[in-house]
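Database features (TrEMBL):
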{"type": "BINDING", "residues": "GLY122, ASP140", "note": "S-adenosyl-L-methionine binding site"}
Amino acid sequence: MSSEEHLLLSSFIKKIHKDLRTTAETQGVEKAWSNHCKNENALQEYAQCMKRLATEHWDKKHKGDIKNSRNAWIIHQARTYFENEIYLAKRQKELTKKEKNHLMCSVKTSQFQTPYKLLDVGSCYNPFKNVENIETTAIDIGPASSDVYKCDFTSLNLTDLNEPMDSIISKNSCPPIQKNSSNSVINTKSKGGHNHDRSYDVDETLDCNVISSMCKESFDIVVFSLLLEYMPCSKLRFQCCVKAYHLLKYEGILIIITPDSKHQTSSNVQIMKQWKQTLQAIGFKRIKYEKLTHIHCMVFRKSCLVNQINEDIYLSLGELLIPQDSNETKSEGVILNTPGERGEDDCVAQDFTSLPSQS
Ligand SMILES: C[S@@+](CC[C@H](N)C(=O)[O-])C[C@H]1O[C@@H](n2cnc3c(N)ncnc32)[C@H](O)[C@@H]1O
């Protein structure tokens, strides 16, 4: 991928994030989010840009490298958690301790069996679809491929019943990306055509299923990879974490990847500490934190069983802030390194937080 194309794609992505945050400030989060989710052309264009950037630029160089690829890190951590003897012994020990002390949490053991059930929220292009021993359900407000369910996680209904998935799925055809739109980053033409007026093909229409409800406690793993910073406010992020909590089985894990373009020493450590506290208040325990070059990678285990999570938790300490909440303008104008010189994590962080805005 040329650096020109890379710049174009990542600037578009960053602009969508920024516009959403600006609209949320002026119109209110609810209205801005609702309008955003209805803007099929923008969602589809974002999806194709993101897929292209991730698969052709970020993921290609570092496939399988757990120190440089967020997807490899995620799978490695999931396997380690469910299969590594040390983790298993640790979990068993904690369980016994809790039972002994009659803690407030009602303890019940859950059986994890392969294939592990993974929910990838904000999946975009379904990067975990062919992973051995993992059965992935991929959802996104703007799917980039037809094996991703169309779903807004913030308005997903949770059911108690063991309702079969099929009954809550309906068909949806995402509209084609608007041709010759003046704002369009992607030049559209019919698939396989010979007019080389764009750098890659996109599907003209995407036939994807829509999902509106899911059963509580039906997943072993929930993944939020570069999802939370898409949300224009802290409360929406908090609600997503609460939802993930309910969807996980007891002792299941929530894996969060979030970008940070600062260097290790001056990284947003305080912000990550705050996330840890908030998630702890929900009922998660952070069991792994790793700062790769420019992303924070975290694994949280569902460690308590609570029926209802009090919204007061959010009011008292529940902020899930990101640097862009406060320093939107500061991040503009940062000079971009040559994309070819950067590692994947570096690219991810730069593409999300430090690219000059197009506007
Ligand atoms: C930055 S992309 C990350 C894609 C992929 N997870 C990765 O790591 O490469 C964020 C994705 O989250 C999706 N998304 C944002 N909010 C969502 C929501 N409430 N429900 C479902 N998907 C959402 C966006 O459409 C977008 O595809």
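Our numbering is plain: 1 for the first residue shown, then up by one each step along the chain.
Every residue gets a Cβ built from N, Cα and C, even glycine.
Owing to the predicted nature of the structure, the values given are computational and were not obtained by experimental measurement.
Other C-beta atoms found within 10 angstroms of the C-beta of ASP140 (S-adenosyl-L-methionine binding site) number 26, with every protein chain shown included. Reduced to three states, the DSSP call for ASP140 (S-adenosyl-L-methionine binding site) is strand.
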